Amino acid sequence: MSFSSAAAPSLALAQPPLADISPAEKATLAAVGLGLLALLVAAFDADAWRARLSLYAALALISGGTLAWSWLKFGRRPAGVQQNNLWWRSSTSRGAVAWVTAVVLTGFYVLLYWYSSPDEQGNFGLLNGLVHALDPFSQALRARPADQWFLYGTFYTLAILLMGGRALWKYRHSRYQLIRTFSVMFFQLGFAFLLPGILQFFQQPEFYFTYFWPLKYDYLLPGTVDYLVQNGQALGVFMVFWGAVMSLLATPVLTYFYGKRWYCSWVCGCGGLAETAGDPYRQLSDKSRAAWRWEVRLIYPILGLIILVTVVMWLNYVLQGAILGSLADGLYRFYGFVIGAVFSGVVGVGFYPLMGSRVWCRFGCPMAAYLGLLQKHFSRFRITTNGGQCISCGNCSNVCEMGIDVKQYAQRGEPIIRASCVGCGLCSTACPRGVLNLENGPREGRYQASSLIHADSLRILS
Amino acid sequence: MRLLIIGNGITGVTAALTVRRLRPEAQITLVSEESEHHYSRTALMYVYMGHMRYQNIKPYEDWFWRENRLTLVHATATHLDAARQHVTLHDGQQLGYDKLLLATGSVSRAADWPGQHLRGVQGLYGLPDLARMEQSTRGIEHGVVVGGGLIGVELAEMLHSRGIGATVLVRDAHYWGSVLPPAEARLVDQQFEENHVAVRYQTELAEILGDAAGQVRAVRTTAGDEIACQWVGLATGVTPNLTLANTSAVETDRGILVDELLQTSVPLVYAAGDCAQHRQPAHGEVPIEQLWYTGRMQGETVAHTICGTPTPYRRGVWFNSAKFFNLEYQTYGRVPARPEAGIDTFYWEHASGRQGLRINFRSAPGFAVTGFNALGLRLRQAVCETWITAQTPIQEVMSHLGAANFDPEFYRQHEADMVAQFNRQFPQHATVLRHRKGLFFR
């Protein structure tokens, strides 16, 4: 007899009820919830001391709760791929929880960018309470009062450290993931938070040694170059030199040897947030051909635009505004608003729970476009497919935060060489058959497919 | 050419894609009763566990079929008239063909156990099974899985992911006794233990017991024990799906009989994949192959024959892979479960019990390497295949072992330890490790 039923009229799999969350997990999540409430108190309590107390209580509750929850959820189970119920949970499958999270995150960015600039009395709008609660910490680190960007930097760094802790538990079976996660935590804390603060403490220009043109486009624009040279003396000159060398020399060289991952998933702060706080959302990136078409339609014009802005700004500088006048400034402001603020901030992070963690990196970042062109055409990096072992299961595509349909290559035995690949390595980690491996090797035969499977010649992307 | 393919699994689809490449003008139609589009059968478990949704396990987007002019028919083929060269569908529609490929796959196999018709008893082969499992495992406390093979461990992992207790009944003294040597099976057993899945070895199903409502309530084992459960998964293998073939003169045995060109006894009708039974399998090979990989290879081979280039099916160096909970498994070449005369075997295991490597080689001079089993380690297929094909001596393999390492960057490399242990065990072949892992050494 046959145990396979005949074609059922409907194969839709109804969502199963999720298993109960353990009391211990509930307690840690409750601590995080209390921490968020305490943040509200810190934001709106008129009493400065109570606000400060609330803020530190909030940070302690959120930190302790997140780390304890991560351990309960991932640390106690045997080490390995832990993706159970990913697409069943409301928070990670664009359910109600995800929408609420997206609205809150987006709202925070809107407040931060447009409603928290200080007025004459040093009042930071709706974020005023939170900003001032950080004053003592800011004084200790930077020898100056906090502002909205210091608040943002503190939250951002904390998010990377706490969710980095979660990623360390979750991916502890993979040394590649452990080391890479340590790397993004280190660069964020050291180079994107502490060092700029310490520079300010010593009355030096605030400078981020891990952000380069064209992502941090200011660093190669005449205004910033002038400012650094005039205010930082020798150190300022070094900063300008560092920025230029990293953008124009180190980037091509490092990308040649290691692919764009040396930056995007090991150093960059945007990548750091995506790999840690964004890790629960990586599966939400759209893998369709339609999404890929939008990707190339957006990211390369944005790279072109920032190159144009840079050229125009320098022309204007050299010609002392003779020809272009206010046009250059207008272009600069337009780019700063649409790309710098709306795209990279509001959409880039606010939409994590709906569109995945790399919306900005994939569709908008000019640095990613630049690195991608280098990776595609002048690099030794590729993801090798192991012979004919692929079973087309789709786990690799599922975890790709950049929306690459990895299995299209794997099931044809082809190496994966895509401009967008940030080399996070999750496809290799998630592959149940050991098919994928990130490798740097000779460029000859880099595109060579395995002879153990005969790739069909039907095109996937066009 | 009008090519009609019955079945949209990996075999039928690979054949369709290969024919499209070889014959851009061919009219190709795929008929499937199971699903509108091709999906990865091996990934069903991930849908149940919530790692992916059904749309994520489709290897191609839906536009792919239309753009490559592959006509999909979601219907049951009920009758084959080979004389008139047409297939009848369940709605009476007739599809004519110039060439027909039967790639109808398998159905779950079951002995005649008492109680196997009770509600809550099923196999896992296709989408309808998955939907059924979804329904009947909801809110239950315990499930029993019958069978110590690849589907058995998958079912146990699926239940485990939902917090459902599982007991696995295994006929042999160790897991997958027909394929894995005892040492490797012990590593798999450790996975069962770590994940709190009970396994009863040398135990078979005797009877499935139901309640008054016709729902399974327990199983009785051959050891006489009764295990309370609300669901029973039968994972004792699959058998070729002959439903359509048996409506015609196409000769069948356990499967659809084919020659080495994958032609059936009826002209213009071919069979490939799970449903095909080779009349004369090559030495050491089985007549019916039921793997994703062999399905894909047969599909590609038969496409060449269909397009006018008669191509015998040659499987090449055997390979397979699986994952048991968190333990990955890859095998290349021949690694029998029991020691074989004339074959020496080297087995290394990490102290953690999470990595194991077995390499077999001939005892006779030449000492050619014959097979690899890797557990918790990834090996480079191209390198292993080259070594096996070239009958590379074991000494050379051991000294170049790093070339076969496919583990991700920064993973601990164990080759030095492996070679040291090999030298102790086989002083007559003693060697030094010359190649560590890396592309430079290929």
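Counting begins at 1 with the first residue displayed.
A Cβ is built for glycine as well, from the same backbone N, Cα and C atoms used for every other residue.
Keep in mind that TrEMBL annotations are predicted by a computer and have not been checked by a curator.
Residues annotated as domain '4Fe-4S ferredoxin-type' in TrEMBL: A:381-409 (among others). Averaged across the domain '4Fe-4S ferredoxin-type' (A:381-409), the predicted model reaches a pLDDT of 96.
Residue counts of the domain '4Fe-4S ferredoxin-type' (A:413-441) by helix, strand and coil are 5 helix, 6 strand, 18 coil (DSSP-based). TrEMBL lists A:413-441 (among others) with the feature domain '4Fe-4S ferredoxin-type'.
Sequence-distant contacts of the transmembrane segment (A:53-72) (same chain, six or more residues past either end, CB-CB distance under 8 Å): 22, 24-25, 28-39, 41-42, 45, 130, 133-134, 158, 162-163, 165-166, 169-170. The transmembrane segment annotation in TrEMBL covers A:53-72 (among others).
Note on the transmembrane segment (A:96-115): residues 89-90, 125-127, 148, 152, 281, 341, 345-346, 349-354 of its chain, located 6 or more positions outside it, place their CB under 8 angstroms from a CB of the stretch. According to TrEMBL, the transmembrane segment annotation covers A:96-115 (among others).
Tertiary neighbourhood of the transmembrane segment (A:149-169): same-chain residues 59, 62-63, 66-67, 69-71, 73-75, 112, 127, 130-131, 134, 137-138, 142, 177-178, 181-182, 184-185, 188-189, 192-193, 196, 269, 272-273, 275-277, 279, selected by CB-CB distance under 8 Å and a gap of 6+ residues from either end. Per TrEMBL, the feature transmembrane segment maps to A:149-169 (among others).
Look at TrEMBL and you will find A:181-202 (among others) tagged as transmembrane segment. Tertiary proximity for the transmembrane segment (A:181-202) is limited to same-chain residues at least six positions away from its ends with a CB under 8 Å from its CB atoms, namely 138, 141-144, 153-154, 156-157, 160-161, 164, 167-168, 171, 208-211, 265-269, 271-273, 275-276.
Residues or ranges marked as transmembrane segment in TrEMBL: A:234-257 (among others).
Taken from TrEMBL, the feature transmembrane segment applies to A:298-319 (among others). For the transmembrane segment (A:298-319), same-chain residues at least 6 beyond its ends with a Cβ under 8 Å from one of its own Cβ atoms are 213-214, 217, 220-223, 325, 327-329, 331-332, 335, 339, 362-366, 368-370, 372.
TrEMBL lists A:331-354 (among others) with the feature transmembrane segment.
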Same chain, outside the domain '4Fe-4S ferredoxin-type' (A:381-409) by at least 6, Cβ under 8 Å from its Cβ: which residues?
81, 83, 255, 258-261, 274-275, 278, 282-283, 285-287, 291-292, 295, 356-358, 361-362, 375, 415-418, 420-424, 426-441, 446, 449-450, 452-453, 460
DSSP tally for the domain '4Fe-4S ferredoxin-type' (A:381-409), helix/strand/coil in that order, comes to 9 helix, 5 strand, 15 coil
